[in-house]
Amino acid sequence: MALTQVSSNKCAGGFQKVFEHDSTELKCKMKFAVYLPPKAETGKCPVMYWLSGLTCTEQNFITKAGSQLAAAEHGIIIVAPDTSPRGCDIEGENESWDFGTGAGFYVDATEDPWKTNYRMYSYVTEELPKLINANFPTDPDRTSISGHSMGGHGALICALKNPGKYKAVSAFAPICNPVQCPWGQKAFSGYLGSDRSTWEAYDATVLAASYSGPQLDILIDQGRDDQFLSASQLLPDNLIAVCSEKKIPVVFRLQPGYDHSYFFIYSFMNDHIKHHAKFLNA
């Protein structure tokens, strides 16, 4: 499991790094970003995974979200993978921005020609954590997950599908009910096929309805002026309704005036890292 360092920059007293490796799940070279807080030089730190949204790489979060100061303060390693396999030469993978490259949707594809490479769910929940724990000073028992939009969907499903694996979960403007929205329907029919019952395994609203496990504290921020909220791509109300019915603690904050961009994420990043720190450093 060899890692090649692509870049390293001193940041907030620690280091923001990017590495490349050959992924066994995705059968291609993959990059991921890792922030190592000052505390990582002397001891083991908890890890927060960040999953980005459509069209993103590992770069968007580390250059725009402003996470490093808070991560340094709370002694949290932050790992930000890419959003899909890259350079697999699959016909059609670069045809649209919301499917294929940059749009892995954090599922394990079952349909040709995607099923060999498009296994982002297993990459994020299995391969990447093993790689991180083998190469960095982590405490594997203290892990959490967060993300934005498609990545918010990813964070929620990873937490709901693996009770106890993640100590906390949060999301910015997540796709909460993908089986009911155009983005999700397009991605799931392509990756998972036409049988809609298979889609439900990757839908946070459906998963929340059958969740049984340790208490999972969810924080969700959503911009009220988000164009994708009004286009019914995100559907947070569906998830909130199920969570209140199932007594899953969720703090949902509708933030007036904010849109879907990293300007919104930057504005509330500190709150999210604080939320994670509460459970990771308990």
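Count begins at 1; order follows the chain as displayed.
Glycine is no exception: its Cβ is also placed from the backbone N, Cα and C atoms.
Here's what TrEMBL has on this protein:
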type: ACT_SITE; residues: S149; note: active site, charge relay system
type: ACT_SITE; residues: D226; note: active site, charge relay system
type: ACT_SITE; residues: H260; note: active site, charge relay system
Query = Looking at Cβ-Cβ distances, which residues of the chain lie under 8 angstroms from D226 (active site, charge relay system) while being 6 or more apart from it?
reply = A173, L234, Y258, D259, H260, F264
Query = Other than its own, how many Cβ atoms are within 10 Å of the Cβ belonging to S149 (active site, charge relay system)?
reply = 25
